[in-house]
Amino acid sequence: MSRYVGAIDQGTTSSRFIVFDKHGNIVSVAQKEHKQIYPKPGWVEHDPLEILANTSEVIGAALARANLTASDLAAVGITNQRETTVLWDKATGKPLCNALVWMDTRTDQLVQRFTKDGGQDRFRAKTGLPLATYFSGLKLLWILENVEGARKKAEAGEALFGTIDAWLTWNLTGGANGGKHVTDVTNASRTMLIDLATCDWDDGMLKHFNIPRACLPKIVASSAVYGEMETAPLRGTKLAGMLGDQQAALVGQTCFAPGEAKNTYGTGSFLLMNTGTDPVQSKAGLLTTLAYQFGDEKPRYALEGAIAITGALVQWLRDNLKLFDVAPQIEPLARSVEDNGDVYIVPAFSGLYAPYWKDDARGVIAGLTRYATRAHLARAALESTAYQVRDVVEAMEADSGIKLAALKTDGGMVANELLMQFQADILAAPVVRPKMTETTALGAAYAAGLAVGYWQNVEDLRANWGVDKTWEPKMAEDVRARHYKSWKKAVQRSFAWVE
Ligand SMILES: Nc1ncnc2c1ncn2[C@@H]1O[C@H](COP(=O)(O)OP(=O)(O)OP(=O)(O)O)[C@@H](O)[C@H]1O
Ligand SMILES: [Mg+2]
């Protein structure tokens, strides 16, 4: 039997390939960033061909680094930035335009068009989602309406739609020569085009949005053998797992029981709680989404608090304001002052997602005085992450009726200990960092490994989870209340900016 399982983690900022052993330890990893394309305010694009090339490159690099070949891998799973939308030519494999990235806001006019009669929540009962620029179905509609020839090709089945999971899978399993055109339930649940109850494309939604069925992929389980890789160096290796990145992190954190939850701090931050085999409707501004489906088992659902911008604000301070050279330097800078100097940043760069769902919000820095320094900005940036997470934790507790005993965390930002302590302080609850924080890739590996019997069941996976560090809240209640009140005030200031 092969010794390892591989995972492609195609994220918003970079692509990774990680090889895991049976205990969920990393054997080898390679990573490469891709270009972020900002053609105008609010627009964010990626080049799908660059993403594909980088994915192949990191697979090769990670294998070479540990001297591995295809025969060392029992299977490969894919996890991906969600909602990012590609439409490509079935005959040539060429994208009809750049990918519209999840945080792109150009569909705001479409959102308005559909909100006009029936309101923002008119499709919530069926799809679990509010009308917002975030989801992939309207991004596809934008392409169909704005890219020349797109609709005609899509209707004829000559152009194929997919989020990044489908784009990579189609290419890796043969592309124009018989590539598999599939997407898993978790990614499909972000299109706003499926019925949550049946996990299938919904005729009513397709009709509302005028989306031709002919361009849509087949919806499959998150853990199943989809096909074999057709490209070197993994030719013949089974592709057997597919999960949106946040759902993959839920699996990587082994949140398999209803009520179990995790929060991932990356480009954005995403709190997901497993709600078992029933979709739970949100009244507090969360999303209802597919959590995973393993083989023939019933699909599992989750409540999700999606925050668009957390780590991306750190990148913005680094790249646009040049406050530091690399992300980890934000921590000593922020620690060089005692507190935020009464500065609050609301990073509503793409509007505000959960629990507010305001497409027309834009970023604000509030509370500036002559006293404020770059160190206060750094501190306010980290704190804005913690406040946004408290907003969604409160919504999660309201919707689920479950008080979070502790917050399980992962993602790139959890290296920041100042943030972790502040998070515990502002939540008034312990914050737990597990030993393995690459949970996104790990979840995809788990899905693939389960499908081919590399792991037998979820108990095998649970045994791999362990705590690295726990932060206990230390802040006085009155200080916490004062800070959070100011945060809420700043959030109000960000609303209704775009007219
Ligand atoms: N020490 C740190 N302190 C604060 N933020 C950090 C630190 N290290 C990394 N980050 C931020 O974390 C993010 C990277 O985390 P991670 O790699 O989990 O992101 P990601 O969301 O998985 O990326 P992608 O979107 O490409 O998948 C970046 O936005 C970066 O600014
Ligand atoms: Mg990621």
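Quick reminder: no glycine exception, Cβ is built from N, Cα and C everywhere.
Quantities reported herein were computed from a predicted structural model and do not represent experimental measurements.
Per-residue confidence over the domain 'Carbohydrate kinase FGGY N-terminal' (4-252) averages 96 (mean pLDDT, predicted model). Among the features that TrEMBL reports, domain 'Carbohydrate kinase FGGY N-terminal' is placed at 4-252.
Take the CB of Gly311 (ATP binding site) and look out to 10 A: across all protein chains shown you find 22 other CB atoms. Annotation comment: TrEMBL describes Thr12, Thr13, Ser14, Thr267, Gly311, Gln315, Gly412 as ATP binding site.
According to DSSP, Asp245 (sn-glycerol 3-phosphate binding site) sits within a helical segment. Feature annotation from TrEMBL assigns sn-glycerol 3-phosphate binding site to Thr12, Arg82, Glu83, Tyr134, Asp245.
Residues annotated as ADP binding site in TrEMBL: Thr12, Arg16, Thr267, Gly311, Gly412, Asn416. In the three-state DSSP scheme, Gly311 (ATP binding site) falls into the helix class.
Under the heading glycerol binding site, TrEMBL lists Arg82, Glu83, Tyr134, Asp245, Gln246. There are 28 other Cβ atoms within 10 Å of the Cβ belonging to Tyr134 (sn-glycerol 3-phosphate binding site).
Annotation source TrEMBL lists domain 'Carbohydrate kinase FGGY C-terminal' at 262-451.
Proximity to ligand 2 (Cβ under 6 Å from any of its atoms) holds for these binding-site residues out of Arg16, Arg82, Glu83, Asp245, Gly311, Asn416: Asp245.
In the three-state DSSP scheme, Thr13 (ATP binding site) is classed as coil. In sequence order, Asp9, Gly11, Thr79, Asn80, Gln81, Arg82, Thr264, Gly266, Thr440 make up the list of same-chain residues 6 or more apart from Asp245 (sn-glycerol 3-phosphate binding site) whose Cβ falls under 8 Å from its Cβ.
Sequence-distant contacts of Gln315 (ATP binding site), defined by Cβ-Cβ distance under 8 angstroms and a gap of at least six in the same chain, are Thr13, Thr267, Ala327.
Other than Thr12, Arg82, Glu83, Tyr134, Asp245, the residues of this chain whose Cβ falls within 8 Å of the Cβ centroid of the sn-glycerol 3-phosphate site are, in sequence order, Asn80, Gln81, Thr84, Trp102, Met103, Arg190, Gly244, Gln246, Gly268. Same-chain residues at least 6 positions away in sequence with a Cβ under 8 Å from that of Asn416 (ADP binding site) are, in sequence order, Pro328, Ile330, Glu331, Leu382. Looking only at the binding-site residues Thr12, Arg16, Gly311, the one with its C-alpha closest to Tyr134 (sn-glycerol 3-phosphate binding site) is Thr12.
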